[in-house]
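According to TrEMBL, the features are:
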- 108-129: transmembrane segment (TRANSMEM)
- 112-316: domain 'Cytochrome b561' (DOMAIN)
- 149-168: transmembrane segment (TRANSMEM)
- 180-201: transmembrane segment (TRANSMEM)
- 221-244: transmembrane segment (TRANSMEM)
- 256-275: transmembrane segment (TRANSMEM)
- 295-315: transmembrane segment (TRANSMEM)
Amino acid sequence: MSKDMDIEQAAQATKTTTSIEVKAEPVTIAEPTATITVVAAAAAAATNGDSSGKAVEEQKQQPATATTITTTTITEQVQPTVAAAVESTASKGNNKSNMDPTLINFKVLYVLTQLCGLTMIVLVGTWIGQHFGGLGGTDNPKQEFNWHPLFMTIGFIYLYGNSILVYRGFRTTRKKTLKLTHAGIHMAAFVLTVIALKTVFDSHNLVDPPIPNMYSLHSWLGLSAVIIFCLQYVAGFMAFLVPGMRENYKIALMPLHIYFGLFGFVLAIASAVMGLTEKAIFAIPNYSKLPSAGVLANIIGVLYVVFGGLVVYLATEPSYKRKPIPEDTALLTANGNE
């Protein structure tokens, strides 16, 4: 009787130990726990018979469920990490393809504008070199005049147009640097324009007999464009480069500065086309039959108009406007504190 009671107590103790091991299993590695549980269950089966065999079957199923849950959890944690890595790699690889289409259009038109301007300068140099004897000094007034179309094309058209586009062409550069560059290009254009004006007056005054000055519409519009250009330069320098101007005055002056800058540039283009036509009529024999010099003059005039149209479009299209960068905000704050 006492032996039977001892055997039952030992079986209950073994069964209790097995139950504790099964409960602890899900927080550990699944496969080793399952093996230990099967061994313990086999020992219990030897003691309790068939009734504990069912318990072993249930305990076998529990580790499988725990393993499935653990694997699912790990998969859910890994998938977002892999997706983020793939997305990051794709964004780096496709950075260029994801650029703003508006900015791409601007860059294409900006490059086209530069090519048009450079071609215009080369053709003017070829025109005066092949058909009008090249360049000269005061001892040859006719050849000295040839400096006028060349320097006007370089300074009063090409550089003037690029000074207008400098803010949008170099949109990632600091605002202060762009201001200095804008003023510097204008100064270079002003120097070339003054030299070009001197050569045309010399070519009129030094020839025998002298040619009257300032009688044509070309000269009137050209001098008007130069005067507007000079006034623009002085007003812009005093308002936007010299310290001390109040911010509200700058804001009020900016629209006028932009308008008269574009107006002077368009006037310069119109004057250049008129001067080119005037030179072709007076200096090219049989211009009406379109000799090579006449064809080249017409092509140059077309390039003047195309270059001017591209500059005005790029400077006035709202979507191409330069966006402020953090350095600009810091600069405005510093100026306001001064």
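Heads up, the Cβ atoms here are built off N, Cα and C, so glycines get one too.
All TrEMBL annotations are machine predictions without curation.
Ranked by Cβ pairs under 8 Å to the transmembrane segment (295-315), the stretches 108-129, 149-168, 221-244, 256-275 are led by 108-129. Between the transmembrane segment (256-275) and the stretches 108-129, 149-168, 221-244, the greatest number of Cβ pairs separated by less than 8 Å involves 221-244.
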